[in-house]
Amino acid sequence: MATKLKVAVLGGGSFGTAIANIIACNQHQVYLWMRSGEQATASQLARENTRYLPGYRLHDDLMISADLAQAVRGAQLVFVSIPSHSFRAVVREARAYLDPGAMVISTAKGIEPEGFTLMSQILEQELPGHSIGVLSGPNFAKEIVQQQQTGSVIASESDALISCVQKTLCSSTFRVYANHDRYGVELGGALKNIYAIICGMAAALGAGHNTQAMLLTRSLAEMGRFAQLMGANPMTFLGLAGVGDLILTCTSDLSRNYRVGFALGQGKALDEIVANLGQVAEGVNTLRQVKQKADELGVYMPLVSGLYAVLFQGKAIHEVAARLMMGEQNHDVEFIKNRS
């Protein structure tokens, strides 16, 4: 290792813990910040995140603390792994301790509850002058700490940030690819949570492989259509942060959003499901935000509209599914159709 860095990871959830552990294994000085002092002390002593990643021993050199100043001061890299509803508040709190040259990376896959603001846009607003990046991809935290081979994407306008993150996280089991389409990478991570709910619901209702394949590919088409109108590169959605994350999240019960959909398909109430989940499922809030924005832009997103009708308008799942099958039959691969 050429240079030993100080790195802060803000957020004691499963993904923040997994990323911090990789960095500690790579012999950097890393602090994992948890809001709860009790949880931080227990995790530091047990060398285990008993709440979100029970059963997995953390590296002995990983420092776990509830002292935000201690974690952030002097850090060259700061990863923010905070749910969207409290992301801005934590960034504002950390701002006073950031070094002027610190590079800040969001790992959150959501949209701020009020207004269509992505997490890296919050970083830009709250931390002017800092290099900003997004880390996203098909990355279940449990499989990362199990040292399953995993690929992720770091997206930024800054080549220096991209290079630094790649070097800091690279290991024999974790590979980081580069992308300059930060907006597209971040949208992919947020949008796929909606479709994970849909696919989980379909699985609970006994959907066959044909149905699952159709849902996945039409989900990808909707994501690309929406993102292109929002200014992202639709080709980004053919990579790890797009179709890769979509496949992972829509086919596994390790996904919180998939589990929400599965429970909905079993007839359970949304409020009960969210209360019993124990962790944040970003897809429910993202659905509200994307439905509103799609209506404003006039984007054709039948799957988003259908799920919204089920969750918030009291429509029956079978009624919505039947309507979707009788809807507009459009082109299959739209970004190819539109090329001159």
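Note: Cβ is positioned from N, Cα and C throughout, glycine not excepted.
Swiss-Prot lists SER14, PHE15, ARG35, LYS109, ALA141, ARG256, VAL280, GLU282 with the feature NADPH binding site. In three-state terms derived from DSSP, PHE15 (NADPH binding site) belongs to a helical segment. There are 22 other Cβ atoms within 10 Å of the Cβ belonging to PHE15 (NADPH binding site).
Counting Cβ atoms from all protein chains shown, ASP245 (sn-glycerol 3-phosphate binding site) has 27 others lying within 10 Å of its own Cβ. Here Swiss-Prot flags LYS109, GLY137, LYS192, ASP245, SER255, ARG256, ASN257 as sn-glycerol 3-phosphate binding site.
Secondary structure at LYS192 (sn-glycerol 3-phosphate binding site), taken from DSSP and collapsed to helix, strand or coil, is helix. Of all the Cβ atoms in the protein chains shown, 32 others lie within 10 Å of the Cβ of LYS192 (sn-glycerol 3-phosphate binding site). Look at Swiss-Prot and you will find LYS192 tagged as active site, proton acceptor.
If you take the C-beta of ASN257 (sn-glycerol 3-phosphate binding site) and look for same-chain residues 6 or more apart in sequence within under 8 angstroms, you find ASN193, ILE194, ALA196, ILE197, GLY200, THR249, ALA281, GLU282, GLY283. In this entry, LYS109, GLY137, LYS192, ASP245, SER255, ARG256, ASN257 make up the residues listed for sn-glycerol 3-phosphate, with the farthest two CA atoms of the set 15 Å from each other. Of the listed binding-site residues, namely ARG35, LYS109, ARG256, the sparsest Cβ surroundings within 10 Å are found at ARG35.
Looking at ARG35 (NADPH binding site) and SER255 (sn-glycerol 3-phosphate binding site), their Cα atoms lie 24 Å from each other. With SER14 (NADPH binding site) as the anchor, the candidate binding-site residues are GLY137, LYS192, ASP245, SER255, and the one with the nearest CA is SER255.
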